[in-house]
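Q: So TrEMBL lists the following for this protein:
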type	residues	note
TRANSMEM	12-31	transmembrane segment
TRANSMEM	38-57	transmembrane segment
TRANSMEM	63-87	transmembrane segment
TRANSMEM	108-129	transmembrane segment
TRANSMEM	149-168	transmembrane segment
TRANSMEM	203-223	transmembrane segment
TRANSMEM	229-250	transmembrane segment
Amino acid sequence: MAVRHVLDDYYLAITFLVSLALQLSLFLVSFTLQTDKLTDFGGSINFLLLAFLTLFLGNESNFVARNIIASVFVMIWSIRLGGFLFFRVLKTGKDGRFDEMRAHFFKFAGFWTFQLFWVWTVSLPVTILNSPNVSDAASGGGHLAFGTAGDIIGVILFALGFLLEAIADQQKYLFKSSKPPKGAIMTKGVWRFMRHPNYTGEICLWWGIWALCVSPATHGVVSGGGRKALIASVLGPVFISLLLFFVSGLPPSEKPTAKKYYLMSHGANPESGDKWAEYKAYLNRTSIFFPIPPSLYRPIPAVIKQTLLLDFPMFKFDEHKDGKEAVEEERRKNSEQGGEA
């Protein structure tokens, strides 16, 4: 049976349109019901749909080891993450990230629009691997026997990243479910070795999927436009890496969390004990991204931590500048609340 060429030779248009239809539908339901229970679940199920769709659009030309493994990896990851996030939001009742946008049509629509581009872009390696110009010999593509160095590296990176993210999610959920004392820091399990093991795992697994998908291009089996498209699909892991480091992952976590601990010690109603000193000690001994034992990470010079180890200055909470602003902001809010009362 011939490969299906749908709209274009790389399945870019059909995957975009399918994603658009799904995200638009879920947005309308979520906005109408004023719920955010479908937000993260909608993104995960979109990944599953694109991997399944592109694998089977190619018919028997895609039923080879590399295409099946790469597609199944995406499906397994999306089912695991989507199921976990859906379960978590059902338990908590809502997602606080959407408190400022849930009731605003265009703000809420902006989230779903961004999610559309996130899914479509990060899925590019598998989408292009399964496309006619890469997998169909009649279209200039071809298949490389599974087992190259890139394949092995890809499988290892995916396995390590998948396990790390899954373990980190479970450990953090159990920690929060135990209702720890206010100001308690999660330093058990994989969280002992890095501050964001879930993000480390996710970035790792997507680079693994790309390494697996790009092998036909690096070994000369696919040439011309197909080869260029496969190599260019590096945009997928690059996008998720930049997203988590500079947009939706570390920035909303690092400084805001430090601010919370600073105010526990220096705010209007300081807690007993010096929570800020405890948190600074935690930051000094715990790697932001790479898994490094605290005893090894602590003595590393700050200049190396802030460059090679990716704990960039932009993540640092400045006690003199940010601390002063945080205290003034808290006082202003307390004053406004007192005036309203």
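The chain as shown is numbered from 1 upward.
Every residue, even glycine, has its Cβ placed from backbone N, Cα and C.
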Q: Are the transmembrane segment (108-129) and the transmembrane segment (203-223) near each other by the rule of at least 3 C-beta pairs under 8 angstroms (pairs 6 or more apart)?
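A: Result for the transmembrane segment (203-223) with the transmembrane segment (108-129) is yes.
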Q: Based on Cβ pairs under 8 Å, which of the stretches 12-31, 108-129, 149-168, 229-250 lies most in contact with the transmembrane segment (63-87)?
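A: Most contacts with the transmembrane segment (63-87): 149-168.
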Q: If you count Cβ pairs under 8 Å, which stretch among 108-129, 149-168, 229-250 touches the transmembrane segment (12-31) the most?
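A: The stretch with the most contacts is 108-129.
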